[in-house]
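Taken from TrEMBL, the feature domain 'CSC1/OSCA1-like N-terminal transmembrane' covers 60-225. According to TrEMBL, the feature transmembrane segment maps to 61-83, 143-163, 204-223, 587-611, 631-656, 677-701, 726-754, 800-818, 839-860, 880-899. Residues annotated as domain 'CSC1/OSCA1-like cytosolic' in TrEMBL: 249-574. The region 'Disordered' annotation in TrEMBL covers 311-394, 417-467, 936-980, 1026-1045. The compositional bias 'Basic residues' annotation in TrEMBL covers 325-335, 1026-1037. Residues annotated as compositional bias 'Basic and acidic residues' in TrEMBL: 380-391, 424-444, 943-961. According to TrEMBL, the feature domain 'CSC1/OSCA1-like 7TM region' maps to 585-857. What TrEMBL records for 1062-1138 is domain '10TM putative phosphate transporter extracellular tail'.
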């Protein structure tokens, strides 16, 4: 199976589908009109599509409303009927994720699940789903906070003013009949700006006042929401659970000059910050090693698939032979031997999947539990630790006593709890005025040129008659073609290149690459240093201070610096980008993005060509189309255009993410933030401006370049005509897209169509099972920001759109709250940074509304009567309103600048004033953790004692007389169950009382003393086991009775039982050991992959393991935990042998 993630998740498909409606209309309008004949025509294709809906009647609008609602009703009904039966599709987060991420399963039934969507508290929601998910829903709520009051105020005022005494469908008669300035207003246009009669221009004062009210109120909402965002983000970042993570105290420093790119230099530079430095990792260029790893993993998957196919084909051949033998035995019995054999094969396959299996070539690199990794780490000296970690802590003179007590994780109380504490540097570093340059030896690049043999060249794969030969022939084995000229970067072409046996070739290559990779990983010093490094501080406040300080005396050196980086989110390929290279990349990407935005109409125009292909017969060189069968023409015109359009919409986010990586983004988080900006620009231009303005993109550019002041009149003359189009567009988003997101069409398609076709190996099926839809926020926020901007623009021009905005965002809020709680998995979190970006993008809607209103006010004309049959336009009666709106536009720009200037630093970084409170929470959290550990440990001992007593009691009862009545026996059993000791009440006596904390300043506390140092005696600490140790112990206990469990319970137990990814249950030293490895380059952390093949009753799988071991000891191959059913399909009952719970920990 190919990974689902690199294509597009089902959630992203839903987001992309919201773009499809407008683009599909553009394509359909292309097919209706003449095909463009040149590039300029293609660029202008689709321009003014929205104006075709001008004058839409109420009847036609209600018809479109009914059809959209019918689609939603069908999708919602399907969801209600099947959601309870398909937990894997509709409730996977209730069982198919580690325990700390699981949400409680909603009540069963058609409607009881609805209240659970609303009842989940914000704190629980953030804990389970993260800040990005929370702030996306809060963003939708913010939009409702804007549009609901606007609708309540604007509609009762503007609708009567626009309708009563307006132009109507018969206005252009009599003295207005020959005028080109005034036209009739038909259908829904009578509710908007254009219906105001020229005889009642004073009514536009109401439009001005309401427009100013919308601007002021919206700006206040922005201010209020950003203020709330800062409070919540700061509370999240300073929470004890977050401060324990390495990402909270680690800073990525880029563009480091050569002379400063040493451990000693960075340590001497950054140890001035409170608490000093904990770790330093200088990045190296492992591109060559990384290429080997990628090729190795690709070949390993090919080998795994080929081995699985060989075993399956042999099993099918054996089954076929068994059927032939059964037919020769004569008449069937009521239950045929074939059916009996199938049942037996199923049972055999299941028992094999649940059995131990065989394995060979395990290098024991995979540490399946945290304990195993920590045991290994304790035996290895740290090579990446800062060399001078024992310096005295640096005091802050203004405050006085030094900031050594700034909380890192559990703060000072951690010393009492865990018995030891890292106090930072204790010895003074050697004096150095300037750091020394790197040694030339450090710059030497490359891997080992000579490696020991990885496999036996003299090995004969046919020696000893392989088991597969009993059922298959040589031609039945899978083959592959090699790239021509040995170019590994080129894909293999059919009928071109050397044809080889897949298993034999991949075995050799995987063995060779495994050896080379592991040898290279032992010598990272052979690879050149990059100009970037990770610096971990002892205290969170120091990391944020280092990011906001100027590190180097030269411009653009040692910048940018990034904090809050997850180790798994780092883009290692961009670690060596120089500052000037970053500027060049950014310029190139911006040019490409502009070309993509402006030139998007070209591929859309091509789909128009395809939908109009039958009319191309008029061209002489295309007359051959007449000979093509009509059925084929119909298929091309009906199916191919929307299919290509859908493909374009899927490819666009992938293209934008690729460009963001090329630009030099350092993390996946920054990629999403970059894509958010680019995607919104694309949507706003293509799905709003292009479809609203009739003159076309090339004409717009020419006119604006010649006369920039014409923008207002251009918007004013086009936008009101397009309002009805966006009514329908909003409805389509509100019903069809939200319904599709609820029914999970993409998930159903992948699970029931793609999975049976593409997933053949145990690993592919396991990945399909555990990989939940992943949210790509960079292309998700802009879709709804664009809808909100459209609503703001038309809030005064065509106020009816406010109703559709409210319906749209209400439905989306409910649907996506359900999806985030029960369906979607969140891999990485930006900490809500997309929210302020989206708020700033909403100013686009305000600016366009203001510019459009300026033009509209200037276009208003009085009707000057010439005679009884003719009137002419005269004057500019709304000039004052236009001037006021210009002032409002200037004030809005100033407000946004002041808003960003005031909130900008607080959006990403933490202030020093929060540290006192954060340290107090650290101490309180530490006491709560220790109390919980003591309770759980004592409770476990009490439960064990109670269990032993119960077992002894049951043995005594067996020896008693059996003269009890049934009622008496029942009463005795109930008494023994309910009359047991109250564990919680007894446990309270065992836990030491913890006094309330005494408030201390983080800048004045003594690092060597604590007022709570005697809360728990050192003698007591070793007796308390952390939950991690108990869970690891429970993981290896006898398995539970899986027959009495539900399918989801069995699946969760098989895949995630005993897995502990709670870093809160780790000591500071244990966390530090994990961090040491986490911030190493991914190429150094890469492990030898296992070739995971199914075990079979024919013995072929065991024979393949044996032969692979004989061929090379550098290939890890295993058939543990997997088997074949009667039809030869792979089944599995555990995670792959190379899966580790350590990979689930978010550091």
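Cβ from N, Cα, C; glycine included.
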The domain '10TM putative phosphate transporter extracellular tail' (1062-1138) - residue tally per DSSP class, helix then strand then coil: 30 helix, 13 strand, 34 coil
Stretch contact, the transmembrane segment (143-163) with the transmembrane segment (800-818), Cβ-Cβ under 8 Å, 3+ pairs: yes
Beyond the flanks of the transmembrane segment (880-899) by at least 6 residues, Cβ under 8 Å: 204-205, 207-208, 211-212, 215, 219, 222-223, 226, 840, 843, 846-847, 850-851, 853-854, 857-858
Range from 61-83, 204-223, 631-656, 800-818, 839-860 with the greatest count of C-beta pairs under 8 A to the transmembrane segment (587-611): 631-656
Contacting positions for the transmembrane segment (800-818) when only residues 6+ beyond its ends and CB under 8 Å are counted: 117, 136-137, 140-141, 143-144, 147-148, 150-151, 154-155, 159, 188, 191-192, 723, 726-727, 730-731, 733-735, 738, 741-742, 784, 787-788, 790-791, 794
Across the domain 'CSC1/OSCA1-like 7TM region' (585-857), average pLDDT on the 0 to 100 scale: 86
